[in-house]
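K.L.:
One structure follows; several queries about it will come next.
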Amino acid sequence: MFWQHCSTVGVCLFSADICRVCRSEGTPDKPLYHPCVCTGSIKFIHQEWYACQTYSSSLVLIFMYSFQTCFIFPVSLFTGRIYKCLFTGSVSSLLTLPLDMLSTDNLLADCLQGCFVVTCTLCAFISLVWLREQIVHGGAPQWLEQHQPPPPNLAGQANEGQAPGQGAADEPPAAQPAPADPPAQNEAEPEPPDAPPDQADDPELEEEGAPAEDADANNGAQDDINWNALEWDRAAEELTWEREHVFWVVSLNTLFILVFAFCPYHIGHFSVVGLGFEEYVQASHFEGLITTIVGYILLAMTLILCHGLAALVRFQRSRRLLGVCYIVVKVSLLVVVEIGVFPLICGWWLDICSLEMFDASLKDREMSFKSAPGTTMFLHWLVGMVYVFYFASFILLLREVLRPGVLWFLRNLNDPDFNPVQEMIHLPIYRHLRRFILSVVVFGSIVLLMLWLPIRLIKVLMPTFLPYNVMLYSDAPVSELSLELLLLQVVLPALLEQGHTRQWLKGLVRAWTVSAGYLLDLHSYLLGEQEDNDANQPANNNNNNPPHAPHNNNNNPAPPVGEGLHAAHQAILQQGGPVGFQPYHRPLRFPFRIVLLIIFMCITLLLASLVCLTLPVFTGRWLMSFWTGSSKIHELYTAACGLYVCWLSVRGVTVLLAWMPQGRIVIMHKVQEWTLMILKTLVVALLVAGVIPLLLGLLFELVIVAPLRVPLDQTPLFYPWQDWALGVLHAKIIAAITLMGPQWWLKAVIEQVYANGIRNIDLHFIIRKLAAPVISVLLLSLCVPYVIAAGVVPAVGVTPEMEILMQRRIYPFLLMVVSLIGILSFQIRQFKRLYEHIKNDKYLVGQRLVNYERKSSRANSIPTSNPIAE
């Protein structure tokens, strides 16, 4: 049965009508209701028995979700098979497409491929809408608007612009007076006589409106929302709408595939084959991608040529349409170049320049590319993105130190007027090409200066220092690439966050800038006149001189009136720094001094790179030698150990220098306080960053890695270092997911520990609330399956083969069981909540049952019924 809404309440007090639950008649205190479409004596029920009517939940949920989820699978399946049919390149596939759509072969693979295609189609559609908004708000390029004809009715447009609320067609322009206050006239303008009153603006009309009209409106809305099982016409309409919905989704996906994939791919394919470059494209292992990009390039050239011809023959609509299509293709290609090609070039250049550091060659890279082209390209793209990100971060730090205008040749990412998409739309393609070449030259030169040249110097000065030991052992159950992830995800973020690396780097840059400025007489050019004004300010105050004007000695000058909010936003982004261009003193032989400054900068970068490449690794090797002797260790271990030791040394020296002026007693008190804090931190680090990751990594290896990689006739080997490294990564991922998830005890404990910090660390709270429960759960997860497999199973008297099978497969089996139980319990809870939500939303009006009235009797019952005020 399907329960329905209604806006009226009919009380049944007849003696023949009884409740279908308690079998009692209705009374004035406990009236009977008939909220469903049932007929006969079972249609009545009391209000208090409503919560017990759970037998209708399955039908309700079937109605709610049958038509909303049934079309997801066919849409994905049909889209995937249409995509496969279009790119097979045979006529027979097109002829057999109707039969292929109904085939049962490869359902899961085709459905997953279709989901990916539908996702790409949705992203392309959203990107087009967003690009349209950028063109509408930012304006089209000048070459697209320069041939636009003037509007035919300028006077009407002017009137509409001055008074937006007035209609030009209702009154002639001559009859309109020239008011002094147009908004008042707009407010006093009467509504059209046929327009319905706006009840949203008048609460009295909402509260005191006609009850019959409200009931009619509510009933009409409920007729559209509710679905009656006995109204077969409504059911047919629902099914027809769902079929049309599936048809339109599949049709739109097919159209997007044809326009954005099929046509560009075949245009590029015919061009590549015609020019004789087919073998080179096939050798790249990315034939489809390269061919599609070539097709888009040729399509852009064709569009711009057609746009020129349309402008020549004065076809305005065709010219504008072709121009907009060219903008879409141009922006798409520029996004691919900026986000895909440029980081990929940087990643490959970094790899090529660092081959000698790892004792590798170009032949090794070629073999790795041929064995796994997709993984190799992704790793190089990822390394290039990291390099570009840190380079941009360093440029932002330089802008906070240097005078505004020094880095005029680099784009300011903090500029509120900077919009890369608008630049892609408005700037011509040759300027983008020039910027791309300049960026490649700058980033490539930095790599040569800070990587290739230091490596050559290290090999000359210290021949035995290189290469780094980063060999991946084939007998290891877990690849040591996890250590690289550990360095990128744990070591570097910890140093950057807890070590105040940015503040230290900013101080070093400022010290270097001040030194270079005074040595080369470029202090005014590099730092501006603000430093001199700040240095002279205390002397002026001591001499009781009147202060200068605010715009001369204030570090945060107010922006001029003409600059508006952009200057204020820029001041906020630069954290109170100077805004706009600042004048500077130009010394004699200025170009020669700039050349010396560039040489001095290159020497400094070279020395800094030499220190960073040698000092942490040398320190880590020396410390590791006390533990492992002469055996070689992966350099990521030594680099991480050396980085932390160097950081602790520098941090300790700076803290001692800050404490020395305070006296011996204060220093002793601080030493005791910090010693206690360090001991607590070591205990917490041993438990949270040592024991828990080790147990987590070992459990991950027993559950997933060993069953997948080690056969049953072989013995798995465990490496504690690698298990700990993987456990650290898994612990970080679990902590991040926990903090993003719902509120529960683990999230509350992690938030409390993070809020306390290191200085206010609570050892008892961490051990009792975090370390002890987590370690107990991990130990039970490791020990219980082992006890079952090694103690219980042999006592039963099974064969040795079965014992080995149980020992090797009990961990994934128990994980699957626990996961299944957790999913089922979660789904049961969600099912109960969903049932209550549907029951309360769909079948209650103000938490009260209402009577179901059929359409035939609803028109007669509405005028005489009394609405319930909620």
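Cβ from N, Cα, C; glycine included.
Residues annotated as signal peptide in TrEMBL: 1-24. The feature domain 'RING-CH-type' is assigned by TrEMBL to 11-48. Residues or ranges marked as transmembrane segment in TrEMBL: 55-75, 111-131, 246-268, 288-312, 324-350, 436-458, 478-496, 594-616, 636-660, 724-746, 766-789, 809-828 (among others). The annotation region 'Disordered' is assigned in TrEMBL to 142-224, 533-561. Marked as compositional bias 'Low complexity' by TrEMBL: 160-173, 535-556. Among the features that TrEMBL reports, compositional bias 'Acidic residues' is placed at 199-216.
What's the neighbourhood like for these features in this structure?
P.N.:
With a cut-off of 8 Å between Cβ atoms, the residues of this chain six or more beyond the transmembrane segment (246-268) that come close are 71, 74-75, 78-79, 82-83, 86-87, 117-118, 121, 124-125, 288, 290-299.
Beyond the ends of the transmembrane segment (324-350), by six or more residues, the same chain brings 128, 131, 135, 140-141, 144, 293, 296-297, 299-300, 303-304, 307, 377, 379-385, 387-388, 420-421, 424-425, 429, 432, 436, 439-440, 443-444, 447, 451 to within a C-beta distance below 8 angstroms of the stretch.
Within its own chain, the transmembrane segment (594-616) is flanked in space by residues 357, 446, 449-451, 453-455, 457-458, 462, 465, 512, 516, 519-520, 522, 638-639, 642-643, 646, which lie at least six positions past its ends and keep a Cβ under 8 Å from the stretch.
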K.L.:
Other than its close neighbours in sequence, what residues sit by the transmembrane segment (436-458), given a CB gap under 8 Å and a spacing of at least six beyond its ends?
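P.N.:
Here the qualifying positions are 337, 342, 345-346, 349-350, 353-354, 356-357, 387-388, 391, 465-466, 602, 605-606, 608-610, 613-614.
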K.L.:
Can you name the far-off residues of the same chain, 6+ from the ends of the transmembrane segment (288-312), with a Cβ under 8 Å from a Cβ of it?
P.N.:
147, 261, 263-269, 271-272, 281, 318-319, 322-323, 325-326, 329-330, 332-333, 336
K.L.:
Determine the mean pLDDT over the domain 'RING-CH-type' (11-48), rounding to the nearest whole number.
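P.N.:
So the average pLDDT across the domain 'RING-CH-type' (11-48) works out to 71.
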